[in-house]
Amino acid sequence: MGGAVLVAVAAAIGNFLQGWDTATIAGAVLYVKREFKLESEPTIEGLIIAMSLIGATCITTCSGYISDWLGRRPLLIISSVFYFLSGIVMIWSPNVYILLLGRLMDGFGVGLAVTLVPVYISETAPPEIRGLLNTLPQFTGSIGMFLSYCMVFGMSLSTIPNWRLML
């Protein structure tokens with residue numbers, strides 16, 4: 001059972017990152033607007049916030065079929081690759097369009113993780129603790145949000161908050 005718990009905790013990191021992403025953009029967008037001079041562009045601001053959800057929605061519609069074809073574990077690895085690459089793209093983004101691309105890639109990682117993690121945990125957990133372990137994704141998502149808000153608050157106290165590091 002210890003192995004199943006370890007696998008579930010490791011898998012639930014994807015939901016932690018989903019919570020982190022959801023909360024971080026709320027604080028970071030204030031500084032993104034300033035850097036890219038988007039004060040008069042509410043549509044672009046909304047798109048920056050929504051792009052992750054757009055990516056997650058798009059990938060979620062086909063993730064079940066693809067996971068049946070490729071398997072849960074390979075898609076969870078692909079999800080982590082999307083998370084990693086999107087972080088690099090967002091840190092590097094020289095303009096708002098590259099930032100939008102990074103947010104879209106982040107959404108692909110989010111969509112795969114939130115769809116596949118509960119299924120993966122259910123398939124790998126012993127029946128006696130399956131229900132308990134399937135609460136981990138929701139719990140880690142909430143923890144991710146909380147820690148992200150703490151990080152954004154702490155970084156906003158600095159003289160020059162860095163939205164790139166937030167994302």
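From the backbone N, Cα and C atoms, a Cβ is placed for every residue, glycine too.
Listed in TrEMBL for this protein:
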- 7-167: domain 'Major facilitator superfamily (MFS) profile' (DOMAIN)
- 6-32: transmembrane segment (TRANSMEM)
- 44-67: transmembrane segment (TRANSMEM)
- 73-92: transmembrane segment (TRANSMEM)
- 104-121: transmembrane segment (TRANSMEM)
- 141-160: transmembrane segment (TRANSMEM)
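Highlighted: of the candidate stretches 6-32, 44-67, 104-121, 6-32 has the greatest count of Cβ pairs under 8 Å to the transmembrane segment (141-160). Within the model, the domain 'Major facilitator superfamily (MFS) profile' (7-167) carries an average pLDDT of 93. Beyond the transmembrane segment (6-32), the same-chain residues lying 6 or more positions past its ends with a Cβ under 8 Å from any Cβ of the stretch are 38, 45, 48-49, 52, 76, 79-80, 83, 96, 99, 103, 106, 109-110, 112-114, 116-117, 120-121, 124-125, 133, 136-149, 151-153, 155-156, 161-163, 166-167.
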